[in-house]
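Read through the structure below, which is laid out as C-alpha cells, and then see the notes.
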Amino acid sequence: MAEATERLYRVEYAKSGRASCKKCSESIPKDSLRMAIMVQSPMFDGKVPHWYHFSCFWKVGHSIRQPDTEVDGFSELRWDDQQKVKKTAEAGGVAGKGQHGGGGKAEKTLGDFAAEYAKSNRSTCKGCMEKIEKGQMRLSKKMLDPEKPQLGMIDRWYHPTCFVKNRDELGFRPEYSASQLKGFSLLSAEDKEALKKQLPAVKSEGKRKCDEVDGIDEVAKKKSKKGKDKESSKLEKALKAQNELVWNIKDELKKACSTNDLKELLIFNQQQVPSGESAILDRVADGMAFGALLPCKECSGQLVFKSDAYYCTGDVTAWTKCMVKTQNPSRKEWVTPKEFREISYLKKLKIKKQDRLFPPESSAPAPPAPPVSITSAPTAVNSSAPADKPLSNMKILTLGKLSQNKDEAKAMIEKLGGKLTGSANKASLCISTKKEVEKMSKKMEEVKAANVRVVCEDFLQDVSASAKSLQELLSAHSLSSWGAEVKVEPGEVVVPKGKSAAPSKKSKGAVKEEGVNKSEKRMKLTLKGGAAVDPDSGLEHSAHVLEKGGKVFSATLGLVDIVKGTNSYYKLQLLESDKESRYWIFRSWGRVGTVIGSNKLEQMPSKEDAVEHFMKLYEEKTGNAWHSKNFTKYPKKFYPLEIDYGQDEEAVKKLAVKPGTKSKLPKPVQELVGMIFDVESMKKALVEYEIDLQKMPLGKLSRRQIQAAYSILSEVQQAVSQGSSESQILDLSNRFYTLIPHDFGMKKPPLLNNTDSVQAKVEMLDNLLDIEVAYSLLRGGSDDSSKDPIDVNYEKLKTDIKVVDRDSEEAEVIRKYVKNTHATTHNAYDLEVIDIFKIEREGESQRYKPFRQLHNRRLLWHGSRTTNFAGILSQGLRIAPPEAPVTGYMFGKGIYFADMVSKSANYCHTSQGDPIGLILLGEVALGNMYELKHASHISKLPKGKHSVKGLGKTAPDPSASITLDGVEVPLGTGIPSGVNDTCLLYNEYIVYDIAQVNLKYLLKLKFNFKTSLW
C-alpha cells in the first residue's frame, strides 16, 4: 500500500488495558489517551511503539512542535483531545514558571532544552567531542538514546558556543530565547546575560520595516491577514464539526451494533474488512459520513483514511505496493441493508453528502523521523564526525613497531577524535606495518578474526590533511585483505529541523549492524546430509536437515519493500536427530545485515507432524505449497532464494588451504594459482558490492538466480529510458534486491532509477558470475589426497601456464610494452612487472584457427579483478549473457581490450593494501574495424566489419610498433592521435565473437601507489 510519511510519534486511544507505560510501568487503561515514540524492534524488521500515559509522555522530555505533521493518528482523535495535545506541545511539554518581564506574559519553559553547570568532568560535548569540565556551563537537548530507548529522552550536552553553532539542527527555533531553557533561573547573573546574548529570540521586525520602505500598503496587508484569519477560523469550525460528526457516529455505532454487524455493513458496501475492532469502526464511520469508497483506479485496491489523505492498501504487482494517495477519492452512496433498519440509530440516521475536509498543509512540515533503534551503528564512513575530528567515536589499535612511540601515536589519534584501545574485538581500525601483516603474529590473527581493517601509519598524517573522504583514505592505505567495514561508536540521534534536515548521502541509520565478523562466524555452517544446520538452532552437532523424496527441508526466503524500508529474511529448517527419532522445526527471521531479528526452535511429536508443520509455515510465508513446481510470488509474501548448501563445502576448505611441499609446479605458478583461488579475496569482493555474506555466502550463488537478476536490470534500463512510472521502478528494484540479498544495514534499499545504478549492478553481476565459476571449480573435481591442493586447483584451470624467463627477448618486449603505454593521466601508481606467464588455454588455439588468416591482428591488454581469473582461464573471456542490459557497456556486449596498459590495469581494482593485480595480453583478430568516437550500443556489426575501435585522443606511436609472428605489438609511447572530437582519452577495441581472441600472456603486476594520491 501507499505509505504515509514515517512519523516518530503516535497517539491513539488504548485498544486494550494490556500495555504498560514506559515511564511509570503502570498499565494504560483501555480507551485512555496514550502517546508513543516509534523505535526499531530488536526482534524483527520493523518499528514498534513505546507507549506512555499522556502525562508521562511529556515528563520524559519528548518535544513536539507541530502535532498535526509530527504525530501519527493526531487527526483521528476527538477534537478536544487534539486541542489538548496542541496546547501541551505549545507549552513545550512541561509548563514552567518562566520569567516575567515588564508585567508581560510568563515565558514558557522548554522541556527538551536545559542549562546547568556540569556536575562532573565525565560528559563530552556532542558538537566538538571535547570534554566538558566540572563546573563549566553546559546546554542540553533531550534525545532518544539509540542504545537504550527504554530510558526515554536523555540529555545530550554541548558547550554553549557549540550549541549556538548547531542551533538550527537541534531544533532551537528562532523565536526561542535563552531564558526559556530549563534551569536558566539557577544560573549566575553574569552567565544569564552572556547566554541571552548568545541565544536571543530572533524577531521578524526587519521585513515589516522593509515592506513599508518599499511602499507596500500596510492597510491592505492587514485586511489580507484578517481575511486569511477569518478563512482559517471558518475551516477550523468546519473541521471541528466534521470531527464531532464522525465521533458521534462511532459512539452511536458502538452502542447499537456488534463487531459482526459492522463487518456486515462493510461487506454489503463492498469495502474490505480490516483486522481490529477500532479499525472496523473507523471504516464504517468514514463510509457513513462521506460515502462508500470506490476501488483504487490504479490497482483496484481498498483506499483507507490516514491523517492527511486516503492511501491505497493494494498492490500494483506481487512485488510492489500501490502508491496512490488522494484527498478526493471517488465514492458512492453508503447503503444500509434492510435487515439493519430495525436498529433505531441506523433507521433514523440521515447524513447530508459531504467531502472530507483536511487541515491546510503546514508551511514547515516536520522532517521524516530518523531511524530510532535499539542498538548502535557501525558505519563505513564517519559522516557525523566534525571536519577536524575525522576519527570521532572510533577506537584505534596500534600493532608492531611504528615510527612514532605509543604516546605520540595516542596523542595524534586523540587529536583526531579517536581513542586508543588494546583489544582487537573493540577496535574500529588497526594501524600497523606491512611487515607485521605478513608476519601474522598471534595478535594480528586476533585482528583478522575480528575482521578489523589494517592501515599503514601514513593514514594518520593524510586523514588530518586530505580533503578526501575517510573511506577513500582507508582504501588507499589499507594493508589487509580483510576488514570490509570500519565501525564507529554510536553518536547522538539528532532530529533535524528546517533546511538542514536534508540527510547526507553518506549517512547511515543509528542501528548496530551485524559486522562482517559476525557474518563470518555465522558462515561456519555444519554440513550434514543435503544442507547446513543453522548454528543458531544449537543443534548443529546433534542433528541434520531432513531430506525426503530428494527434497531438502530447508528454505531461505527474502522480502524487500523499498517504500516501507524493509529488507527482511526468513529461514526455515526441519531438523532430525542424528541418533534418535526426534524432530525440530527451526526458524529465524530479521533484517538482512543487522542483528535485528530472532529465532524459534520447536520440538515436534513425530516426523509426520514436523513435515506438516514445516509445509504449513512455508505456505503461510510464501503463499505456495512446499511441493509446488512453479513458484508464484504473492503480495506481501516472501520469495525463496536458491541457496545451494552443497555437501562439498569441506572440499573447498581442503583445497583452499596453503600449499604443502608436494607440488611440482614452479614456485611463481604455485603463487599464481593460490592468488586466483583465494577465498578471502572473493569474500572481500562480495562485501564491496554490499552483498550479504550471511544470506548469500560464497558458493551459494546460483547461476540461474544471477541470470534472472540480469533480466531485471534489462527491464530497469528499459523503464528508465522510457520514463516509466515510479511504481514500475519500485517493482523492479524490490525484485532485484530480493533475488540478490544486499546488506544495507538500516538504510532503505536505494531505488534503481538511473543508468549509473544499472551499470554498477551489471558490473557486480559480471563479477558474481566469475566468482561463482571459481567457487564451483574449488568445490568440484578430484578429491585425490595424494596431490597438493595447488596442483588440484591448477588442473581445474585447464590452462598450460609456463613462466617466461626474465632475460628472454619476449619478456623484454612485454616489459617495454608495459613501460611505454602507461598513460600520463593514470598517475596514481607505477607498474612493476613481477612475473610473466605464457598461457595456452585448452581448445582455444583450435577455436581461433579460422581467424589466424584475418588481417589486422594485435596483441592487446585486458585487465580484470583477481577473483575473475579462475573463470577467465577455465572458460576464456566471455561476452555478457543475453539477459544483461546493453547500457552497461559503452559499445554493447563484447570483449574489450586496450593498447595502453594502464587503461586495462585500472580494471584490476587494486589498492595500496592489496597492490598485486593480474592482467592479460591476448592476440585479437580485429580485421576491418568500425571506428567510433562516442558510445553506441552495438548489437550487430555493419556488413564487412569484424570489430569496433573506440577512437581515443592519445594512442601508442604507430611508428614504434613491432610485429611478432604476424601480430602487431603497439608498444610505442603515447602521442596525440589527431582525433579530438571524441569522448575517449585512449583507444578501445571490442570484438563480438569469443573465437576472435587467443590469450597469450598473463602478467602479475605490482601497483606502486604514490604516497600522495591527491
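Every residue, even glycine, has its Cβ placed from backbone N, Cα and C.
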Select one of Cys257, Cys312: the residue that Swiss-Prot places in the Zn(2+) 3 site alongside Cys296, Cys299, Cys322.
-> Cys312
Swiss-Prot annotation of region 'Zinc ribbon' - which of the ranges 33-75, 291-333, 678-720 it falls on | 291-333
Between the ranges 221-226, 779-784, 863-868, Swiss-Prot assigns motif 'Nuclear localization signal' to 221-226
Hey, which of the recorded positions His53, Lys250 is the loneliest by Cβ count within 10 Å?
-> Lys250
Give the helix, strand or coil assignment DSSP yields for Lys131 (N6-acetyllysine).
-> strand
If one looks at the chain holding Lys131 (N6-acetyllysine), which residues at least 6 apart in sequence have a CB under 8 angstroms from its CB?
-> Asn121, Ser123, Thr124, Cys125
Rounded to the nearest Å - Cα separation of Lys748 (SUMO1 cross-link) and Cys21 (Zn(2+) 1 binding site) = 30
Just name the most isolated of the modified residues Lys600, Lys621, going by other Cβ atoms within 10 Å of its Cβ.
-> Lys600
Other CB atoms within 10 A, centred on Cys21 (Zn(2+) 1 binding site) = 19
In terms of DSSP three-state secondary structure, what is the assignment for Lys600 (N6-acetyllysine)?
-> strand
Cys24, Cys56: which of these binding-site residues has the sparsest Cβ neighbourhood within 10 Å?
-> Cys24
